[in-house]
Amino acid sequence: MEFGRTPALLLLVGVLWSQLQFGSEAAGTTVFTLRNNCTYTVWPATLSGNTAVAVGGGGFELSPGANVSFPAPAGWSGRLWARTDCAPSGTASLACATGDCGGAVSCSLGGYAGCVGDVNALCPAELQVAGKDQKDQQSSTATTTVACRSACEAFGTAEYCCTGAHGGPDSCGPTRYSRLFKAACPAAYSYAYDDPTSTFTCGTGAQYVITFCPAQQQQ
């Protein structure tokens, strides 16, 4: 989903919890609540598109079953997403198998898109990202498809990246790869000019709950 015309809200502990926890705020404040329903830790990431304010500090750790809420400044637009299978290195570095944003804990780059549908199960071989299955931590050798790259990231061509001769909405349209993502995640951005079905605007004082692994229930 995209808030404003800037990068999509898709489908995110070096930040003090006191800065993340959101209590009573003035009426009209938009609040995002992130909930980890997965059986493993995720590292939510946030990226602001139209302001220097990094909501949620740009990224943080979220344990299984945990929730965190924070406000967004008026007119904010940007992205929130989950990073998985992450290995911290020091206080500012974080290498993740999926959703990685340049190895940083606090993001200044976008990551992989996500959605409720199981894109990994449908992912073509040329787009697959292999990694260790977090559900099978006892095995050190078992690998699975942990993410499905965009065609732009996989091939880097103008056709898939909507650049050069394909740099406008009239010359860059959906491809067989973007249609695969769109079928699994109808409300998510599937290519650069996927505005008509993927752009959403926050109402004043909106309250959003973003759930990672929404199909799973914590015991």
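Note: Cβ is positioned from N, Cα and C throughout, glycine not excepted.
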Partner cysteine of CYS148 (disulphide bond, per TrEMBL) from CYS123, CYS162, CYS172: CYS123
Whole-number Å value for how far CYS213 (disulfide bond) lies from CYS101 (disulfide bond) (Cα to Cα): 20
Cα-proximity to CYS152 (disulfide bond), 10 Å cut-off, over disulfide-bonded residues CYS123, CYS162, CYS172, CYS185: CYS162
CYS161 (disulfide bond) and CYS172 (disulfide bond), Cα-Cα, nearest whole angstrom: 8
CYS107 (disulfide bond) and CYS86 (disulfide bond), distance between Cα atoms, whole Å: 14
CYS148 (disulfide bond) versus CYS162 (disulfide bond) - Cα distance in angstrom: 19
